[in-house]
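Engineer: My questions all concern the structure below.
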Ligand code: AMP
């Protein structure tokens with residue numbers, strides 16, 4: 001029996017894996033350009049960090065965490081998201097005592113025990129960005145715009161930005177009570193009724209049509225925002241409009257995690273079926289205090305790399321053949337040629353070319369097949385006679401044209417041809 005990757009996980013293999021690396025880089029490029037610094041935190045943390053930081057009433061904490069005791073009896077959890085860890089790291093290392101806002105970005109795998117399906121995995125990858133320690137609508141708008149630019153740079157046309165405000169500690173409780181009143185009057189199952197008491201905003205997020213139908217007349221947070229929250233949200237909207245970032249007001253947008261306040265947003269893509277969110281985030285002014293730190297109003301997002309890749313596939317952006325693995329492929333014929341080719345390949349790599357060669361003692365036919373499969377533009381054929389002449393045959397695999405080039409010049413010649 002051979003092993004399979006665990007349920008809800010998948011392997012990334014070439015050439016798709018190369019493209020996924022490129023997606024991660026493209027999503028991170030705008031925040032790096034805007035001066036956000038890279039942060040890396042452990043893949044596991046104290047279980048308590050997520051219980052407090054993400055919220056015990058959320059699905060993520062109550063149902064989806066990979067929690068285990070280590071051999072020292074500590075309860076640890078594989079991270080289900082990145083924000084709580086980043087805030088923990090900022091507080092632990094006192095970064096908030098320096099220049100504010102602290103701007104950080106990360107790229108890493110997350111773990112949630114979810115019902116596995118296309119676009120929803122138990123191990124998935126996010127690129128995230130956080131700006132901590134400033135309450136400024138321009139910061140919210142900056143982050144939203146940077147995410148938008150990341151998606152646009154990949155050529156994606158079908159991404160929609162949904163925007164909402166969840167209010168703050170002044171107006172949210174009033175809205176929460178109004179919503180609870182409304183929800184208590186609906187025909188809902190036991191679990192949902194329990195949720196009304198713990199986290200009523202989450203009920204708005206229920207995707208079941210029989211629930212959605214009843215939510216038609218639900219009070220909206222937009223109608224309950226206090227003056228300060230209203231002005232803040234208006235400014236975020238104005239700045240996004242000025243930047244030319246299109247958005248749709250979505251008054252029912254709440255997010256799965258407890259810590260959001262004011263600005264919340266989600267990026268959705270039409271080509272992904274039910275798992276349509278390619279990214280999301282918002283402001284989380286209370287999180288630092290929930291984790292024992294000082295007040296540190298902050299905003300951030302996480303973009304899903306797996307789903308961004310699926311969105312690109314849905315838009316046909318991956319239809320073109322992927323870039324060739326290497327540019328040049330060595331075909332040595334005989335023992336001595338093999339040794340010389342091994343050195344030549346290293347020499348060419350040092351000169352900046354992408355180069356591979358035939359291994360495993362293959363003959364001419366097998367080695368040429370390897371050259372074709374590698375996608376290389378040029379094969380370098382080195383036989384006994386070439387060695388004696390201190391030369392190599394350079395074969396253009398697109399035209400089959402072959403020329404003899406002195407070994408001392410092959411690097412310059414190839415670089416000239418590959419420009
Ligand atoms: P969240 O941390 O839940 O706000 O998720 C942010 C983004 O991560 C989502 O918009 C998705 O693109 C992605 N994501 C969340 N959960 C999963 C999952 N189970 N599988 C794949 N991508 C996910």
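Cβ atoms here come from the backbone N, Cα and C positions, even for glycine.
In TrEMBL, annotation is done automatically, which means it is predicted and not curated.
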Engineer: Check TrEMBL: it lists 81, 82, 83, 126, 130, 255, 259, 260 as binding L-histidine. Then name which of 112, 115, 149, 237 it lists for that same site.
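Structural biologist: Candidate listed by TrEMBL for the same site: 112.
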Engineer: Among 81, 83, 126, 260, all listed as binding-site residues, which has the most CB atoms within 10 Å of its CB?
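Structural biologist: In terms of Cβ crowding, the pick is 260.
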Engineer: Are there any residues in the same chain, six or more apart in sequence, whose C-beta is under 8 angstroms from the C-beta of residue 255 (L-histidine binding site), and if so which?
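Structural biologist: Counting only residues 6 or more apart in sequence, the Cβ neighbours of residue 255 (L-histidine binding site) under 8 Å are 205, 264, 266, 280, 282.
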Engineer: Averaged over the domain 'Aminoacyl-transfer RNA synthetases class-II family profile' (22-332), what pLDDT does the predicted model reach?
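Structural biologist: When the pLDDT values over the domain 'Aminoacyl-transfer RNA synthetases class-II family profile' (22-332) are averaged, the result is 95.
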